[in-house]
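Chemist: Feature table excerpt (Swiss-Prot):
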DOMAIN    14-135  domain 'MTTase N-terminal'
BINDING   Cys23, Cys59, Cys98  [4Fe-4S] cluster 1 binding site
DOMAIN    179-410  domain 'Radical SAM core'
BINDING   Cys193, Cys197, Cys200  [4Fe-4S] cluster 2 binding site
DOMAIN    412-480  domain 'TRAM'
Amino acid sequence: MTTDSSPAPVRELLSVAMVTLGCARNEVDSEELAGRLEADGFRLVQDPAEADTVVVNTCGFVEAAKKDSVDTLLQAADLKARSEQGQGRTRAVVAVGCLAERYGKDLAASLPEADAVFGFDDYPDIAARLRSIVAGEAHEAHTPHDRRTLLPITPVERVLSTTPVPGHASGPASVRRRLDDGPTAALKLASGCDRRCSFCAIPAFRGSFLSRRPSDVLQEARWLADHGARELFLVSENSTSYGKDLGDLRLLETLLPELAAVDGVERVRVSYLQPAETRAGLIEAIASTPGVAPYFDLSFQHASAPVLRRMRRFGDPESFLALLAQVRGHAPAAGVRSNVIVGFPGETEQDLETLCDFLVAARLDVTGVFGYSDEDGTEAATYDGKLDDDEIRARVEHVSDLVEELTSQRAAERLGEQVEVLVERVEDGPGGRTVEGRAAHQGPEVDGATYLLDSDARVGDLVRAVVVGSEGADLDARPL
């Protein structure tokens, strides 16, 4: 009997750049993919021009996001084209993420510049898939389908499913690799959504609502803290539903103090609360648990009851204002942000006025304003009463102007208020030292920043300060 003593072939050391578009949930997915790739021997680089392979984690939420994703893929393809002329090193461009999952073969056919389109089911084997593309092998993109059909109907049984869920990987060590060294990190509570808002396609490609086990969330929280995270930003499509498929709808109230107690974590922040599901116990937990930011990301979407009913949502100005009163009864200085959709099919001028009156009364810190656009496969796309694009743009401009004024007013109301600022950027320049961070009422990237005056703080410090000025949503504060 003879044995083959020849050495195993040495795999080529490949570099990869992850380009992430869209929301914080996508950031988590990118870091999971990065962890899988690094574990398989890929070298991670930041600059796509310096990478052998470019993986673009796309967003497929609204039309503008889709365009941005396609443009980014084309830019990466330009790098590959230049390398083929001896002016670079890029050898493969791959699309992943929501746009890739949502359109699959259709995206691959319409965008031949991308070497492959990977769906969520490809994520566990991303390294092998990517190596095969670099080796010149073809990859057949998936046929798009409704991912809600992949999980059991009974919520409690969903945790037993073997269907890959991006951002839910767990085990003895976190399957994740941080792509920046900032003090804030997103942490997934759940994926998918069981609600059926008429304008939203997300459940079709993200699937039914699936909570992560608390032990997995806590394990990843500890890992993030060990890797420099000081604020944990809890993300999902609907955080108020966390635990319902685990048999405990109040699980988030239990989990929050445990997360806040993780060594090294200074602050925990919850995102995306569905107003119709925001219960009194959860409000109290967010408002009063030490280490949890009194921050309420309430997605109202509109205030007119008729419009909300057409959206397959619930509420009206009175119930929303009562909810805000409940929040501020527990935490008067709580941060509250929201998003609204303007120009929804059938929206009348009276509906628009109702929305504007509500925004004035609500005193929100920040409001995102979006113009309605049809999304493939949604109920709203079939509705009558569509407004023309010019009218939608005019309404968006009107509401945006109002929101800009209201945001400035709300920030000015915080003058003299004491805040705790997590420092995220320190820069020395000709004009002096800039120390930028966020107070408890300011979420990452979308809610403005707080600038510390005459401060020697470092990135990651939590500084107590008093607000002395404001501009838009931004604040100036002096350390105490």
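Glycine is no exception: its Cβ is also placed from the backbone N, Cα and C atoms.
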Chemist: Averaged over the whole of the domain 'TRAM' (412-480), what is the pLDDT?
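Modeler: Result for the domain 'TRAM' (412-480): average pLDDT 96.
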Chemist: Near Cys200 ([4Fe-4S] cluster 2 binding site), which residues of its chain come within a Cβ-Cβ distance under 8 Å, counting only those 6 or more away in sequence?
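Modeler: In sequence order, Cys193, Glu375, Thr378 meet the Cβ cut-off.
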Chemist: In sequence order, which residues at least six apart in the same chain have a CB under 8 Å from the CB of Cys98 ([4Fe-4S] cluster 1 binding site)?
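Modeler: Sequence-distant Cβ neighbours: Gly22, Asn26, Thr58, Cys59, Gly60, Phe61, Ile202, Phe205, Arg206.
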Chemist: Once the DSSP letters are reduced so that anything not helix or strand counts as coil, what is Cys59 ([4Fe-4S] cluster 1 binding site)?
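Modeler: It is coil.
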Chemist: Where DSSP helix means H, G or I and strand means E or B, what are the helix, strand and coil counts for the domain 'TRAM' (412-480)?
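Modeler: Residue counts in helix, strand and coil order: 1 helix, 38 strand, 30 coil.
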Chemist: Given the binding-site residues Cys23, Cys193, Cys197, which one is most crowded in terms of C-beta atoms within 10 angstroms?
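Modeler: By the 10 Å Cβ neighbour count, Cys193 comes out on top.
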Chemist: I'm trying to understand the geometry here, so how far is the Cα atom of Cys197 ([4Fe-4S] cluster 2 binding site) from the Cα atom of Cys23 ([4Fe-4S] cluster 1 binding site), in Å to the nearest whole number?
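Modeler: Here the two Cα atoms lie 19 Å apart.
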Chemist: For [4Fe-4S] cluster 2, what surrounds Cys193, Cys197, Cys200 with a Cβ no more than 8 Å from their Cβ centroid?
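Modeler: Apart from the listed residues, the neighbours are Arg195, Arg196, Phe199, Ala201, Ile202, Pro203, Glu237.
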Chemist: Residues near the [4Fe-4S] cluster 1 site, Cys23, Cys59, Cys98 excluded, by Cβ within 8 Å of the Cβ center?
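Modeler: Close Cβ neighbours, site residues excluded: Leu21, Gly22, Arg25, Asn26, Thr58, Gly60, Phe61, Ala65, Gly97, Leu99.
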